[in-house]
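Shown next, in structure tokens, is the structure this report addresses.
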Amino acid sequence: MSKYKVFVMRHGEGAWTKENRFCSWVDQRLSEDGVKEALACGHLLKEAGYQLDVVFTSLLSRSIHTAWLLLEAMGQEWVPVVRTWRLNERHYGALIGLNRAEMALNHGEEQVKQWRRSYDLTPPPIDESHPYFLEIYNDRRYSTCDVSKEFLPKSESLKDVLERLQPYWDGTIVPEIKRGKLVLISGHGNSCRALLKHLEGLSDADIVDVTLPTGTPILIELDENFRPTKPMQLLGDQKAIQAAIRKVEDQELL
Ligand SMILES: O=C(O)[C@H](O)COP(=O)(O)O
């Protein structure tokens with residue numbers, strides 16, 4: 001029997017999704033479509049009668065704006081929004097800013113798929129010569145973290161993402177859910193995948209085939225031991241959701 005519910009969702013479409021570039025820790029805003037997606041999610045949850053108690057986001061604007069727009073559409077703007085770097089998108093290292101289709105041309109589609117979806121492959125690290133290095137590491141938001149700047153990642157596999165996220169899930173989010181709070185996590189494609197791997201008990205091989213659409217709330221129902229009681233549900237028009245998943249998958253095609 002389900003004891004707890006939690007929503008996990010990838011933020012609305014970001015500006016760089018249109019350009020097909022790895023965005024990761026670069027603080028791009030939502031695209032116009034991304035704004036619409038976030039509002040639509042809020043309307044969907046409102047119509048279903050959900051009342052949120054707390055929303056967790058990353059430190060990146062596209063995840064925070066998604067939370068704001070969603071809460072506004074629900075008429076629940078007063079709900080606390082808690083931000084943490086531990087929900088940030090996976091750090092794509094030296095791949096940040098590069099175009100996925102161009103990468104496929106140079107390295108092959110299979111290599112790009114491995115970089116994007118495998119569980120334990122870490123892309124080459126970012127270094128000071130990278131055009132976005134200073135923009136990321138000089139950003140004041142990263143001096144507010146629970147680890148000092150020099151220990152923030154320079155590149156991550158999905159496994160690394162789960163390792164930095166899980167202590168926050170266990171220590172901060174789970175206690176809220178246990179207190180009876182309805183929590184929504186406005187995260188990123190890969191921070192949400194890492195969390196879903198953990199919650200759904202997916203194997204390292206199975207997570208490779210999980211791709212998340214932008215701006216789609218995923219409802220997870222859990223028993224008292226935080227084990228899923230039914231398959232996760234992607235809420236909304238199922239045909240449109242499948243098309244949105246395919247769009248993300250096809251980003252590495254030539
Ligand atoms: O970092 C990004 O650009 C996206 O949020 C995720 O990209 P991916 O779908 O290539 O993992």
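Any Cβ shown, glycine's included, is placed from N, Cα and C.
Keep in mind that TrEMBL annotations are predicted by a computer and have not been checked by a curator.
Taken straight from TrEMBL:
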- His11: active site, tele-phosphohistidine intermediate (ACT_SITE)
- Arg62, Glu89, Arg90, His91, Tyr92, Arg116, Arg117, Gly189, Asn190: substrate binding site (BINDING)
- Glu89: active site, proton donor/acceptor (ACT_SITE)
- His188: site 'Transition state stabilizer' (SITE)
Cα distance (Å, whole number) from His188 (site 'Transition state stabilizer') to His11 (active site, tele-phosphohistidine intermediate): 6
The one of His11, Arg62, Arg90, Tyr92, Arg117 whose CB sees the fewest other CB atoms within 10 Å, among these recorded positions: Arg117
Where the C-beta lies under 6 angstroms from ligand 1, the matching recorded positions among His11, Arg62, Arg90, Arg117: none
Whole-number Å value for how far His188 (site 'Transition state stabilizer') lies from Tyr92 (substrate binding site) (Cα to Cα): 13
Cα-nearest neighbour of Glu89 (active site, proton donor/acceptor) within the listed recorded positions, Arg62, Arg117, His188: His188
Cα-Cα distance linking His188 (site 'Transition state stabilizer') and Arg117 (substrate binding site), given in Å to the nearest integer: 14
Cβ neighbours of His188 (site 'Transition state stabilizer') where a neighbour is any other Cβ within 10 Å: 28
Same chain, 6+ residues apart, C-beta under 8 Å of the C-beta of Asn190 (substrate binding site), given in sequence order: Glu89, Arg90, Leu158, Val161
The residue listed as 'active site, proton donor/acceptor': tally of other CB atoms within 10 A of its CB: 26
C-alpha spacing of His188 (site 'Transition state stabilizer') relative to Arg62 (substrate binding site), in angstrom: 9
